[in-house]
Amino acid sequence: MTEGAVLRAEGIGKSYPGVRANDDVSFAVAPGEIHALLGENGAGKSTLVKMIYGLVRPDDGRMLLNGRPHQPADPRAARAAGVAMVFQHFSLFDALTVAENIALGMENPPPRRALSARIAQVSQDFGLPLNPDRRVVTLSAGERQRVEIIRCLLQNPRLLIMDEPTSVLTPQEAELLFATLRKLAAQRTAILYISHKLEEIRSHCDRATILRHGRVVDSCDPRAHSARDLAAMMVGGDMRPIDRSGRQAGEVLLQVKGLSQPAPTADATALKSVALTLRAGEILGIGGVAGNGQDELLAALSGEIRNAPGTILLEGADLSRLGPEARRAAGLLAAPEDRLGHAAVPDFSLTDNTLLTAGARKGLVRKGLIDRPAARAFAQDVIRAFDVRTPGPETAAKALSGGNLQKFVIGREVMQAPRVLVVNQPTWGVDAGAAAAVRQSLLDLARAGAGVIVISQDLDELLELSDRFCALNEGRLSAPLPTQGLTLDQIGLMLGGAHGMEVAHL
Amino acid sequence: MIRLVPRTDTPALLQGSTPVLAVLATMLAGGLLFAIMGYDPVTAIRTIFWDPLFGPAASYSRPQLLVKAAPLILIASGLAVGFRAGIWNIGAEGQYIIGAICGAAVALAAYPAPEMWIFPAMVIAGAAGGWAWGMIPALLRNWFGASEILVSLMLVYVAQRIAAWMAFGPMKNPEGFGMPGSRNLQQYPAAANPELIVGTGAHWGVVAAVLAVLATWFLMSRHIRGFHIRAAGTAPRAARFAGVKPETLVAFCLGLSGALAGMAGLFEVAGPAGQITDKIGVGYGFTAIIVAFLGRLHPLGILLAGLLLALTYIGGELAQLTLNLPGATVQVFQGMLLFFLLGFDLLTRYRITRRIAA
């Protein structure tokens, strides 16, 4: 299989200050193969593909593309060599049409009319319905991705790299994408597919190279293994047992009733009569594909978006009309997904970042005046209790690694002893050790009698933590089911909108 | 092709020294300009930057330093608060004019009453006028999403027309023999803003400027509102998460900078200018933008930058008198200063590469 491989990597290594991102990575992608790069966040997948695409240069090892040495100085050189990449985040101009966007990305764009014809041709050939004359602003996430894919396909690539392409897609759009990938593979294009979604890889990929801590730990046929096996390879044998003991569901803490809210911006999701009940000592898991209302639900609970009266009750008190500060004072705390820029101010020190949420509950702000020594002491406490690796509380938030900043952000909320804590993607992009620490802290918080809501796209995380599970789908929240005894099939149905289907059947 | 690539880490020294570098570069480029125009560059630079303070006529020009610096510092202190939050009030000149008109209106209405309350009431009216003029862009932004940059700037020209109308119409001095312009408030003791210590140039506006520096320093470094302003400027979503309402912040910042600019206008019209004329706005509101940035949006920096810019005003006038330099010299200098400052700032945050990336 390695003979005649489109891409071959031999002993690739890359170090960043303090971390070995890739170490002795070797693998090969054959023509017509959909090859998965599987690994946890921080396992080194992104670094590896950035090297292939010319964004980063390897320290050691060599790459061969179609048997010739592949050392792209920049992405343009990589594209010229036949490598194309679809990024997780799109770089499109909203105000321009599909064809104009594609022309902008080309070295020598053909005349507009010819280009539109080619776009139409490619979109038809590969089953990617797309009108070249539509403005990008009117497109869905899936359609925007198609623009990026067609932009790549027009270069006739030998190797197509896709970075977590389904994280923004609905299940239907994902199916369409896989159909396209199979057509491409049938034409001998090699596809390198990055994901940590096990089921997806099992059903669609021919081969999987599994990375852990920057090293290749295994290479296998994913169809021949169970999701559990793949997960074990991905995280290694050192899965730390999590202590779920000692919790009992107590009185009702938080009640959300008929929470509806229009989409605040064009690319946001509207919430549709969301209802939930959270008891003391309980962890409620909310799963769902990204972009189904997770951010909006967190904003509605944190108070960033105010709600209709009577929709959010904490221990009987109506918090619906209150802002974030008043809700925190009442005991409803939250930690958003985006650490840098939402949960924390990147340019501010950790001390200053405590002031973002802990001013009232920790007495760091009195009558509007900042008590800086108290803030520093609290930052110090969080750093110590959550093992945040940083030179000190005066370090800027952006200087911390993702895992350490996440520990700080979660620690900042947990140490305020909330009645209810809502977290979104608490371990996203965090190394396994930090993720385990964050999860354990949430369990400990619940054991101490608080209620916790975990919103996550990581099903394993939800199954591990939550007592009850519900799915968020296009802004609708399904009825909760006990996590105990829940199968992946059932969850898949819930995530795929089975909730909506039930309604349709009634 | 030349490209700008963000620097991953900016040396702190470089960041702090850009204002000094910008001043030096302005002197160099200015000297070059004078040389091209046929003047002796060394004499010209000395006349602008040295003579006002230490030259032969310094005893006349030195008090002018505080007279000119006070409005600049007062306005810039307010502007800097908004700039920190990413709220761009470009129309301080208009708020200054309206403040002057409102303050003068109190005095002219009370004329010739000798009561003690008149001057304080004028200060309040001046601040209120500037605040109200600043609230127009704030409300338009909050209600309709209108750009406060454009609205505040356009309102400057409206304010100038109002000043002209006042000077030729309602506020015209009835004893002024038909000349445009209001009564001279310097000759109305209850309303005048006199020199407090003879020979220093210090009037109540100087006191207000010092207080504004102290107050904004306290606000930005000790008060949670200042913290929220700083957070909103660098990470708006984090600020909203903390509990900041963007609308409140817009109103606060535009209101504050408007009120301070209005006060500056009042002190000017009751003191150095003396009367409402159609030329009451002399550009302090625009120059204060340069002062705010040259001072790194920091109250202390603004204090120093205000004094420096005041020096260019006085030095420019001196150079006009003694060397026959053109009157536009001051503006050219101020423009170059802002240009070099922004240029050096850009280079501290980005480095230039010639590589062509994707």
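Cβ atoms are placed via backbone N, Cα and C, with glycine included.
Where the annotation comes from TrEMBL, it is an automatic prediction and has not been curated.
Positions annotated as transmembrane segment by TrEMBL: B:20-39 (among others). Within its own chain, the transmembrane segment (B:20-39) has Cβ neighbours under 8 Å at 45, 48-49, 294, 308, 323, 325, 332-333, 336-337, 340-341, 343-344, counting only residues six or more beyond its boundaries.
According to TrEMBL, the transmembrane segment annotation covers B:69-87 (among others).
Look at TrEMBL and you will find B:94-111 (among others) tagged as transmembrane segment. Here the transmembrane segment (B:94-111) has long-range neighbours at 71, 75, 118, 121-123, 125-134, 152, 155-160, 162-163, 166, 171, 182-183, 185, 188, 190-191, 257-259, 261-266, 268-270, 273, 275-276, 280-281, 284-285, meaning same-chain residues at least 6 beyond its ends whose C-beta is under 8 angstroms from one of its own.
Annotation comment: TrEMBL describes B:117-140 (among others) as transmembrane segment. Remote same-chain partners of the transmembrane segment (B:117-140), defined as residues 6 or more beyond its termini with a Cβ less than 8 Å from a stretch Cβ, comprise 89, 91, 94-96, 98-107, 110, 146, 148, 151-152, 155, 159, 190-193, 204, 208, 250-251, 253-263, 265-267, 270.
Proximity of distant same-chain residues to the transmembrane segment (B:149-168), defined by a Cβ-Cβ separation under 8 Å and at least 6 residues beyond the stretch ends, is recorded for 88-95, 97-98, 100-101, 133-134, 136-137, 140-141, 180-182, 254, 276-278, 280-281, 285. Taken from TrEMBL, the feature transmembrane segment covers B:149-168 (among others).
Note on the transmembrane segment (B:202-220): residues 63, 66-67, 69-71, 73-74, 77-78, 80-81, 84, 119, 123, 193-196, 226, 229-230, 260, 263-264, 267-268, 271-272, 298-300, 302-303, 306 of its chain, located 6 or more positions outside it, place their CB under 8 angstroms from a CB of the stretch. Annotation comment: TrEMBL describes B:202-220 (among others) as transmembrane segment.
For B:249-270 (among others), the entry in TrEMBL reads transmembrane segment.
Tertiary proximity for the transmembrane segment (B:276-295) is limited to same-chain residues at least six positions away from its ends with a CB under 8 Å from its CB atoms, namely 19, 22, 71-73, 75-76, 79-80, 83, 90-97, 100-101, 104, 156, 159-160, 163-164, 166-168, 171, 180-182, 261, 264-265, 268-269, 301-306, 308-309, 313, 334, 337-338, 341-342. Feature annotation from TrEMBL assigns transmembrane segment to B:276-295 (among others).
According to TrEMBL, the feature transmembrane segment maps to B:302-322 (among others). If one looks beyond the transmembrane segment (B:302-322) by at least 6 residues along the same chain, the residues whose Cβ comes under 8 Å of a Cβ in the stretch are 19, 23, 44, 47-49, 51-53, 55, 57, 61, 64-70, 72-73, 76-77, 80, 209, 213, 287-288, 290-292, 294-295, 329-330, 333-334, 337.
Under the heading transmembrane segment, TrEMBL lists B:328-347 (among others).
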